[in-house]
Amino acid sequence: MLDIKFLRTNFEEVKAKLQHRGEDLTDFGRFEELDTRRRELLVQTEELKSKRNEVSQQISVLKREKKDAEALILEMREVGEKVKDLDNELRTVEEDLERLMLSIPNIPHESAPVGETEDDNVVARTWGEVKEFAFEPKPHWDLATDLGILDFERAGKVTGSRFVFYKGAGARLERALISFMLDLHTDEHGYEEVLPPYMVNRASMTGTGQLPKFEEDAFRIESEDYFLIPTAEVPVTNMHRDEILNKEQLPIRYAAFSSCFRSEAGSAGRDTRGLIRQHQFNKVELVKFVKPEDSYEELEKLTNDAERVLQLLELPYRVMSMCTGDLGFTAAKKYDIEVWIPSYGTYREISSCSNFEAFQARRANIRFRREPNGKPEHVHTLNGSGLAIGRTVAAILENYQQEDGTIIIPEVLRPYMGGKTVIK
């Protein structure tokens, strides 16, 4: 959520920056109307309440003096009715303004490339050499099915499309990657491990920006009004909702493994085979709470931490600086890390690393004090995948495949695989 005072005094500047996102700003224009009316109603209500108090005191005096107060009593009733009407209108205007504020995306950072679509994203850097195969490489779903380590067909029978059973070496590879990533981020990168709940309430989804805009993308448990988490970002960020932190606590860095659940409502017909787009998938998420002046340095560190996973796995990748039209709703700046997938003949996203500045913290009321009695300020929040496990499995299967259909296990994972060197 944006700062309403900043928006009020910089309306045209904010509008111009949001236009770079390619957003429909039709409703945005109502901000000035609603904000002005809200302030008018507050003034009118306070004036009438003040008058009501004065009249009430006058009535008390008249009654003590045993004088006729009927006219003032009637006047007070009229004032009371007007106050009630104004309070009702104020409540409606504030609800409309709150809904509008929750629907306004974050302001792009000045360093985000200006553009409309993914074609305008900028390559920040690449790492590793794309392997040239002496044979026609197979897609990971065929490799895994032939090896008996992934079973999409039976998962479809048990649940439906976009689900999978991991079996044998496939299940162990998934588990190995989870342990490897958590060990790396906690032991070498300084994150604290968190295992979060997989269900959250509506306030948590609103705090990180999934609601109200993206409710159709979420799995909701209607009886409780809980949501299955689309990412560990949601519960981990909301750990500190409605809290005031001390300066000495910052930065806070969490690494959280979780399963994630997404309806993929807008992805019908895309990536229908394999692990790239599943309704349920595992992920290690990196979440940071930092002082505002440190957030862009921390974004670079977070992105480097996610990249380190791919470097140790020796998987070629590139880092994209996302343009203003491809930032997503909540980010002020975002890097996508894309790993090379041979069967696609291109790079595919495996991590998004974002700086939300105070956007989430304002929605979730997460603040800190620089001094013991100082005025609370909003922290800046960041997060990134470190990494998406299923897509990492897909990248390993395809990049490490051999002509006979076996898979060489990356060296860094072998201690987690019981010393095995090959999946066959």
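Just so you know, glycine gets a Cβ as well, placed from its N, Cα and C.
Summary of the site annotation: Swiss-Prot records L-serine binding at Thr231, Ala232, Glu233, Ser385. Screening the candidates Glu174, Glu285, Glu338 against this entry identifies Glu285 as the one listed for that site. Glu285 (L-serine binding site) and Ser351 (ATP binding site) are 9 Å apart (CA-CA, integer value). The L-serine site is set by Thr231, Ala232, Glu233, Glu285, Ser385; from the centre of their CB atoms, other residues of the chain with a CB within 8 Å are Val234, Val236, Ala256, Ser258, Cys260, Lys283, Val284, Leu286, Val287, Asn383, Gly384. A Cα-Cα distance of 18 Å separates Ser385 (L-serine binding site) from Glu264 (ATP binding site). The full span of the recorded L-serine binding residues, Thr231, Ala232, Glu233, Glu285, Ser385, taken as their largest Cα to Cα distance, is 9 Å.
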